Every structure is written in structure tokens, then in C-alpha cells.
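Trainee: Questions regarding the structure given below will be posed in turn.
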Amino acid sequence: MFFTTLAHILALLITAASGIPQLAVHERRSAAPLGFASLGAAPDSDVLTLRFALTPKNISGLEQKLVSISTPGNPDFREWLSKEEVKAFVQPSNETVNAFNSFALANGLTPTVLSPHGDWVSLTLTVATANKLFGASFQKFEHRSLAQPITRTLSISLPSELVGHVEVIHPSTSFSTSDSPTSHLIFPSSRRNLEKRLSAKGAEECDGVKIPMTPTCLEKLYGIPSTPATQANNSIMVTGYWTSPNRSDLSTFLQDYRPDIPSNTTYDLIEIGAEEGAEVPPENAALLQLEANLDVQYALGLATGVPVQFLSVNTPSLDNDAFATAFVETSMYLDGLEDPPLYAPTETDFGESMTRKICNSYLALGARGISLLFGSGDGGVRGGHDNSSIPGLCENNDFLVVFPASCPWVTAVGGTEGIHPEVATNLTGGGFSNLFPRPWYQTDAAENFLTTLPDDFPGQFNRSGRAYPDVSVQAGNLNFIFRELTMQSGGTSFSGPIFASIISLINDRLLAAGKPVLGFLNPWIYANADAFTDITEGHNSGYECPTESVAFDASKGWDPLTGIGTPVFDKLLAAAFEC
């Protein structure tokens, strides 16, 4: 130990004397994720734009505040914060800003402030400079879903003067791709008029066990009212990436499934990011728009009269930043709004520091009374999607975690199917986070589930992690319109907008009564478990993996397939007014 320490001290002295910057490893990974292959070192002359997340002034204080204002029974319950009040917690200190600016100036670089809170800045520099300043070794990596190789490093360090002042360097060790988190599709082989007749028949038989699910069926199943909302200051924002929904398909969907809503009812499109969208491969472009279609169709088709916005996030390139940057762009946009909408829809892909930063951005949005909902994934216990073509995936008992669903500051929505009985669909994602500890609002619920597992349960997961999903709704056999065809599909991509619609209608009643909106939902949800129908059947082995694959089983009470269950509108509405 003595010789190791002495050698380390001598190395630092030699480094300092030689003028080489002293570096501390910030983040590293042993290898690129599955599917990525290195093409060798990136050319020294290539230009990078690196984003830096500066350390917030008091994120722990904001967390304590959100715990207080979101927990039923507290004196300040639902006293949501203003934009400026949140900014006081999350903006970097003067010391942090000065340290970063001094570093940039000393190295001939000019920082650009990116975010309303000043916590995101960027530097443009060559690969050679980035390698030198940050102890990196940037390489080119290819992936089947990317039109061009991306530039990444497996390790990156911080100069000593930036340690404690920088939380994230992006893109560095992040390896997200352009793969869309869309649901698994069942494409019709017949023409649309026949599909319409089949859909209409299904709508008349909503008491069936496994039928095409439509807005009418969902209204009947969960008691969702069809009377229009009345409050103009209530809205749903659906987010999408490098795409927007087809308005003609939306009109057709309303004609077919909500004829009581004018077919010209539409959404407001908001576009942020690059002036020109990323180069999206044709098959990905179709899936991205399909996702946008189904999200908006079910939001408008269920939240009757609630204004819907679609935020289309177009980052400069799919190949450069992909979904991690798109999530950050979304949060920064919402941070800058005085009156933001009430909703905005695997942990390892983004890298730990970026994952934590994105999650903290949801903490800040939740403190302002914004409810954030995400589907829990379509791969059961094996991530966003399971894939039987990946050797050994279905036999691998190390469960994968879906993000953002695993963030404790969002509401994760799992999936069910059928009516008599309603059961967990096999693809519904769920499990326990490897990064985020279990939050206070679900301690008892998660612990009770863990007691149901046998001592020899072979699944490997973090028993003390944030457990998800929180709730669930239908995610199987849902009808929607795409390119003038009636499609039927399944996935938790449907679940988020369905549950968001329910919450928006409750918010409409609260606003009409002069009360604050529901905001960050989870503490209130777990405190009102009796307002949900407990789902006790199901096995989330995934969409493609066989049912005998190791996975969780639904059980009485909370479980990592359906959360605490499916909503009962009248009971939730009563619970909202009791608080």
C-alpha cells in the first residue's frame, strides 16, 4: 500500500511538472453495448460539439421540496413551484460557472449556454483537443440502425479544476441509437373497409375477453367520461422525435372511433431542434410516425375536449446524439415555459451520468406541477424489447432496466390485455432500477411483492432499486389508423397516452373547482391504491421470449408488471378532491 501511494504521488508531481493536465476519470465503460462495432480512432481533425451539464446549486434541496409538496397530508401539498423558484435550485453556482468559463478561456474555447437554467453549455473542439483535455480516446462506431458511424469514447476524464463542477459530458460514453421504442405491430393483410367492419364489430362487443380495443371500450372499462373538458389552461403534450403525426389519419380515427368529436379536431404542432431533421432511415421514419400517430389518436380520442400539443424534437443528427440529446432538448424546452403543459410523455445505453441528469430534469419539472408519464417497455423483464434472434437473451436471467421508466420522478405505465379477466400482457416492462434507490412512496408496496418470490428465484435484479411500473392500462389489441389503414397493435406505447388522458380529465375538474392540478403523481397514486383494480394474473417474459422464460408473475398488490393496478375513474376523481 505504501509503495502504491508513493508511486501515485510521484506520478502526480511528474504530471504537474510536465504541464500535462491532471485528470480524474469521470466515466468509463469496459466495452461498447451489444450491436456496436469500433472502426478505429476518430481522425484528429474531426470537429466535436460536446455538451456539459454543470452541477446544480441545490438539487438535494429541490428533491426535499418535491417530496413535501407531492405527499398527501403535508401542509404544502400541491403548492407547485414557479419557473423561477425551480431555477433557484437547479442553476449552477457562480463558482461553477466561473470555473468552467476560466477553463474554456485558458484553452482557447468559447462556451455556449444552451438551457434556460444555465446548467447546459457546449464547447466545439477537434477530436485531438478533446482527447488531450479530457483524457479520452474517441473512436468511430457503427451500428445497424445508424445511417453513419458515431464518435464515442469508452472513457472520459475531467481536469482537476472541473471536478465537482461538471456532471455530464455528452456525447462521450453514451451509445443510444435511432431504434424507435415503438410497439410490436400486426399489419393487416386486407383492405381498410373490411378492417373497419371488423373494428366496428369489436366495438359492439366490448364485454368480450380479447377483442379489438378502442376508445369506446376503454371508456367503458375504466369509467372514463366522454363529456368534453371545459378548462382551456389544461393540456396534454405528447413528445415525438424526428417526426409528427398524420392529421388525415387522426381525422379518420375520430370518424371511426369517436364520431361525437368533430373530425377536424387536431393538435398543435411545436417543433424544436435543428432546422433540418436528422437523416432517418426509411424504415425508422415509418415506425417513428406510427408511434406519433397512435399516441395522438388515443390522447385526443380519450381526453375529450382537452387541448393536445405534439412536441416534435429534431436534434441535428440521429448519428450524433440520438435519444439522449432529444430527452434533454425536451426538458430544456419545458424549463423555459412560464405555463408548461401538464404532461410530457436501458439505463446503461445513455451512460450513468447522463441517465441521472435526465432524471433530475424530470424532478425539476415535477416540482412545477407537471405530470410525466412513460410506458414501461415492451420486452418484459428484458428491456425495451426482447428479441429471440439475439443468442441467449431469453435464457439470460440478468434482468434489463428500462429508462426513463425507472426514474423515480416519472410515472411508469405498464400494460394489460383482455377484460374477463384483465391480465398483465406478457410484454409489459417492469422491474427494479440499478441506479435509483427505492423512493419513499413505494417502500411497503415493493417490499410486500419481494416477499412473494421464492428463495431460489433465478432472476437477477437490484432488490433495493426503484420499482416500476406504478400503474397500468390496456396495451394489447388496440386499433389505430396509419396511412389510411386500420391497424391493430400492442405495447406500452399506448399505455402512456391512455393514462395521461384519464389524469387530464381529472385535472380539468380540479381546475374548474379552483384547485391545483395533480402534478407529480406517484405519492398520491400509492396513497390511493383502492382507486385501482388489482391485476393478479400475468407473466412478463416478453413479446418474443417463450412464456417459460424466467420473469416476474403478477400478484396481489403491487407487482412489477402492472404496478398497483388499472384505474377506476370515479374513485380517482374522488381521491383527487379529498386531498
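Each Cβ is built from the backbone N, Cα and C atoms, and glycine gets one as well.
Taken from TrEMBL, the feature active site, charge relay system covers E291, D295, S493. Feature annotation from TrEMBL assigns Ca(2+) binding site to D534, I535, G557, D559. If you look up TrEMBL, you'll see 212-579 marked as domain 'Peptidase S53'. The annotation signal peptide is assigned in TrEMBL to 1-19.
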Trainee: Return only the integer: C-alpha distance in Å from G557 (Ca(2+) binding site) to S493 (active site, charge relay system).
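Mentor: Here the two Cα atoms lie 24 Å apart.
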Trainee: Once D534, I535, G557, D559 are set aside, which residues in the chain still have Cβ within 8 Å of the Cβ centroid of the Ca(2+) site?
Mentor: T536, A554, S555, K556, W558, T562, G563, I564, G565
Trainee: Expressed to the nearest Å, what is the distance separating D534 (Ca(2+) binding site) and D295 (active site, charge relay system) at their Cα atoms?
Mentor: 25
Trainee: Tell me the Cα distance separating S493 (active site, charge relay system) from D295 (active site, charge relay system), rounded to the nearest angstrom.
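Mentor: About 7 Å separates the two Cα atoms.
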Trainee: Just to verify: the residue among E291, D295, D534, D559 with the fewest other Cβ atoms within 10 Å, which of the recorded positions is it?
Mentor: D534
Trainee: If you measure D559 (Ca(2+) binding site) to S493 (active site, charge relay system) at Cα, how many Å is it?
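Mentor: It is 20 Å, counting Cα to Cα.
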Trainee: Around S493 (active site, charge relay system), how many other C-beta atoms are within 10 angstroms of its C-beta?
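Mentor: The answer is 26 other Cβ atoms.
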Trainee: Taking the domain 'Peptidase S53' (212-579) alone, what is its mean pLDDT?
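Mentor: Residues in the domain 'Peptidase S53' (212-579) carry a mean pLDDT of 89 in this prediction.
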Trainee: Rounded to an integer, what is the Cα-Cα distance in Å between I535 (Ca(2+) binding site) and S493 (active site, charge relay system)?
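Mentor: I535 (Ca(2+) binding site) to S493 (active site, charge relay system), Cα-Cα distance: 19 Å.
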Trainee: Using Cα coordinates, what distance in whole Å links E291 (active site, charge relay system) and S493 (active site, charge relay system)?
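Mentor: Per the Cα atoms, E291 (active site, charge relay system) and S493 (active site, charge relay system) stand 7 Å apart.
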